[in-house]
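What follows is one structure encoded as structure tokens, with my remarks underneath.
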Amino acid sequence: MNKPLDIIFPNPPSGLAPEALDAARIPEHIAVIMDGNGRWAKKRALNRLKGHKAGIEAVRETIRCASDLGVRYLTIYSFSTENWKRPQEEVVGLMDLFAKTMLAEVDGLHEEHVRVKTIGDLSLLPEETREAFEEAWEKTKNNTGMTLVVAVNYGSRQEILRAVNRCAEEVAARTADGLAPKEFSAEDFERGLYTAGMPDPDLVIRTSGEVRLSNFLLWQVAYSEFVVTDVLWPDFDRYELLRCLLEFQGRDRRFGAVK
Ligand code: IPE
Ligand code: IPE
Ligand code: MG
């Protein structure tokens, strides 16, 4: 933990006890499916984009809190390979929001020693958005604090196919060299995933009450703990994160073994 609990959680609502958190069992990797921006906006008779904008504050708070708690990896699902199906205005607005937010936040993230990384196929993003992510990565790549992993144009099936194709290319190259085809291990396969070198998520949080993965990290969540909260993403804050962490710490992880 990088800060004392009473500094990280200064005003806990009654009934919520930050001191119940076990500092020795903070997840190394938290992955968040940020959902419910549209419903948050609809409840207020606002345009969906206003919901996405409101969600930025929740992202900021979650990053700061996770970093203060000593989480090593925080992955945020920001745009899926299926989200292109949304109305053009929303897609354009989201891409613009990603670019502007990344540019505005990168210095602050750098000061907090956060390392920014992306997973997903950036080649299909508008140039401005792609460049904002690339510049953030370039600026922060040597930082040793928390790694913030932004999943953008990310889809797990696409990622798995990409890894399979990399294995197939290796087989073709070996065949061309007259070598025997090789049997790939899980580690060989994982080298072709966007998440290569990262630990699997310990905890997956999904907001807005939806209980599904929506094509997120299918391979990597084989033994992750899932916590679903009804809170809509723009209303998510450090205290809701604390509730999720306490639920996580109450789980008994067995990884298929007997305890
Ligand atoms: C999540 O909120 C943000 C993205 C997928 C980019 P939604 O936009 O999915 O919000 P709902 O599910 O419509 O409420
Ligand atoms: C998942 O949310 C994708 C992101 C959070 C980026 P969606 O709102 O797109 O998922 P579905 O359509 O409800 O499954
Ligand atoms: Mg949604």
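Glycine too: its Cβ is placed from the backbone N, Cα and C atoms.
The annotation active site is assigned in TrEMBL to D35. Annotated Mg(2+) binding site per TrEMBL: D35, E225, in sequence order. For 36-40, R48, H52, 80-82, W84, R86, R206, 212-214, the entry in TrEMBL reads substrate binding site. Marked as active site, proton acceptor by TrEMBL: N83.
T81 (substrate binding site) falls outside any helix or strand according to DSSP and counts as coil. For E225 (Mg(2+) binding site), the nearest neighbour among the binding-site residues G36, G38, W40, judged by Cα separation, is G36. Comparing G36 (substrate binding site) with the residue listed as 'active site, proton acceptor', their Cα atoms are 14 Å apart once rounded. Annotation for W40 (substrate binding site): same-chain Cβ neighbours under 8 Å, separated by at least 6 residues, are G51, A54, G55, L232, W233, P234, D235. Mapped onto three states, the DSSP output places W40 (substrate binding site) in helix. According to its DSSP assignment, R206 (substrate binding site) is in a strand.
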